[in-house]
Amino acid sequence: MKWVTFISCLLLVSFAESKHLPRKYRDTDVHDTITRASELPPDDFAGIAMILYSQSAQQATYEEVHKLMDDIVALAKKCGADEHSDPECGKPLHTVFLDEICHEQEFANKHGFSDCCAKADAERNECFLAHKNATPGFIPPYQKPSADVACAKFAENKNEVLGHYIYEVSRRSPFAPVATVYKSTAAYEHVLTSCCAKEDKGACFQEEAPPVKKQLMEDLAIQKHVCAVMKKFGVETMQGLKMAQLSQKFPKASFETISKLTGDIVHIHEECCKGDTLESMLDREKLTKYVCSHQNEISSKLSACCEKPVVERGECIVHLENDDKPADLSETVREFVDNKEVCQHYADNKNQHLAKFLYQYGRRHPELSPQLLARSTRGYEELLDECCATEHPETCLPKGEGLLKKHISDTMELVKTRCDHYAQLGGYLYQNELLVAYTKKAPELSFKDLQKYTGQFRDVAAKCCKMDDAHRLTCAEGYADLAIGSICQSHEENHINKQICKCCSDNYFKRRPCFSELGVDPEFHPVAFDPALFTFHGDYCDAKEEEQQSMKQELLVNLIKHRPTISNEQLAVATVDFVTMVTKCCAVENHVECLTEERPKMIEHIKTALGE
């Protein structure tokens, strides 16, 4: 398919030896030009232009973006035939892409780019990036066509349908990596191909389309999370996390190689976070090429990924299983405690010493989560600060081993306990347990927010608890980190409370333990008891099971907000009373009348149980 294969071709042919374009064209006379694109079929180069222009000019119509795309494809064809035929032929690729927008003065004025177009190259690029807006609702919701209409258009012009999909996804996701748009487009094409051949197209779309959207939303959420972490805690924090991940994935690679890969990956994230998705794509391909050309030094499991088309390699490497540990790798890292020169090494180069500890511990423990490895490194740093200040650090440092083992044991036990609860209770009751806990921690949140966040934690259990011991902790802490990140991003926009603020702000790697340890918000003023809070909206008995569950969860949250210190026994009384009422009333013909009569009795009984 041309709209998907263009990225593979473009990366393979045009930019196989590309550098960081913006820095390069600003700092030297060497740069990639649009003449390289002439090596590609016009339809292939058109695709990359569609993504970039849709992300840059989000409010432009499909037809307007298509015209920009047509113009730059024509320029590429012209320059390919004669590289001296137009001054644009010798300009850097970023410059040419933006020139096309600025040459269309009416278009630039209409979409607010006139101020950017008046600037010089480097400043102009930064200006365009600053115009990107990822605020939900900035672009109106997409109106999906019916299955029959979508299939008719797909049969008539496959590339046009996929082009519209790229346009709609890209303009709503201006910071999304090109690879993310590519992956989602390929998945959408598969759904179209599969469902349009079925007799019941609508039913097929209802089954196969939601997972495509869910995966896209997850990929976008991960990218947003990475950006939020770097913005809040700095690039060094993300470097620590990536070094932990890479040390586990590539335990045979040297510290120098892991350090280089870490720096490159974090740099790519930085580019995407500021919206420079073209440079991010080029640098990702460059990194992938480096990894595949150094397989012997990095991992014995890379060959399968490196044999794939270029566009698929990066995603394959991301999901690659950890390589086997070197046979001669010792079980422990005693040299970071027993070595008499430890304090001197730490004093000479603190950051490198800690990075080496993280690297050495990570490559020995693929079963631990990167977050736990980073927390352990932080604990080691605190141990060094304490012990190296004493007269005899050699007698102080050994206690760190016991502290580390305890933290690992406590973390593993927490995950086991959560998974046991999930197995015993099932998804719905498990979420109810989380609702009780998180309503106490953050009673200021609305019911919808509490339901959303606890639903994310429930999904973590559903996804991770079925995994084996080698993967469960990494999965659980990784996805729990995303859920906690969602809460913290919400807190950044609207203050929740002080204890949530402290967990979200103090230390990234300690956020999960901090949230786990939170209790009732001490500054929350309980909501006054209001019978209206225990009134159903609509007829409970005739509602679908999912709607009934949501109604019951809202009542549960209202009860906790009224009495954050409610005991398990009091909660049990309220639950039994409620179940008794609905069981009785839903069994009679006039449900509403019964509920109207029984509800005041239930409320009085609950108030008595609460001592009111």
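All residue numbers here begin at 1 and follow the chain in the order shown.
Quick reminder: no glycine exception, Cβ is built from N, Cα and C everywhere.
Curation does not apply to TrEMBL; its annotations are automatic.
In TrEMBL this protein carries:
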DOMAIN    22-213  domain 'Albumin'
DISULFID  Cys79-Cys89  disulfide bond
BINDING   His94, Glu271  Zn(2+) binding site
DISULFID  Cys116-Cys127  disulfide bond
DOMAIN    214-406  domain 'Albumin'
DISULFID  Cys227-Cys273  disulfide bond
BINDING   Glu279  Ca(2+) 2 binding site
DISULFID  Cys292-Cys306  disulfide bond
DISULFID  Cys343-Cys388  disulfide bond
DISULFID  Cys387-Cys396  disulfide bond
DOMAIN    407-604  domain 'Albumin'
DISULFID  Cys419-Cys465  disulfide bond
DISULFID  Cys464-Cys475  disulfide bond
DISULFID  Cys488-Cys504  disulfide bond
DISULFID  Cys503-Cys514  disulfide bond
DISULFID  Cys541-Cys586  disulfide bond
DISULFID  Cys585-Cys594  disulfide bond
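Sequence-distant contacts of Cys541 (disulfide bond), defined by Cβ-Cβ distance under 8 angstroms and a gap of at least six in the same chain, are Val582, Cys585, Cys586, His591, Leu595. Distance from the CA of the residue listed as 'Ca(2+) 2 binding site' to the CA of Cys292 (disulfide bond) is 20 Å. Glu271 (Zn(2+) binding site) sits 7 Å from the residue listed as 'Ca(2+) 2 binding site', taking the Cα positions as reference.
Using Cys79 (disulfide bond) as the reference Cα, a 10 A cut-off selects none from the disulfide-bonded residues Cys387, Cys419, Cys464, Cys514. Taking Cβ-Cβ distances under 8 Å and a sequence separation of 6 or more, the neighbours of Cys388 (disulfide bond) in its chain are Val342, Cys343, Tyr346, Ala347. Each of the disulfide-bonded residues Cys292, Cys585, Cys586 was scored by the number of other CB atoms within 10 A of its CB, and the lowest score belongs to Cys586. Here Cys387 (disulfide bond) is positioned 25 angstrom away from Cys514 (disulfide bond), judged by their C-alpha atoms. Neighbours of Cys475 (disulfide bond) among the disulfide-bonded residues Cys89, Cys465, Cys503, defined as a Cα within 10 Å of its Cα, are Cys465. Nearest to Cys116 (disulfide bond) in space, judged by Cα atoms and limited to the disulfide-bonded residues Cys464, Cys503, Cys594, is Cys503. Of the candidate recorded positions, His94, Cys127, Cys594, the one lying closest to Cys488 (disulfide bond) when CA atoms are compared is Cys127. The shortest Cα-Cα distance from Cys127 (disulfide bond) to any of the disulfide-bonded residues (Cys89, Cys227, Cys273, Cys396, Cys503) is found for Cys273. The secondary structure of Cys388 (disulfide bond), as reduced to three states from DSSP, is coil rather than helix or strand. The Cβ of Cys306 (disulfide bond) lies under 8 Å from the Cβ of Val291, Cys292, Gln295, Arg313, each on the same chain and at least six residues away in sequence. Distances between the Cα of Cys396 (disulfide bond) and those of the disulfide-bonded residues Cys419, Cys503, Cys504, Cys594 are shortest for Cys503. His94 (Zn(2+) binding site) sits 9 Å from Glu279 (Ca(2+) 2 binding site), taking the C-alpha atoms as the reference points. In the predicted model, residues of the domain 'Albumin' (214-406) average a pLDDT of 93.
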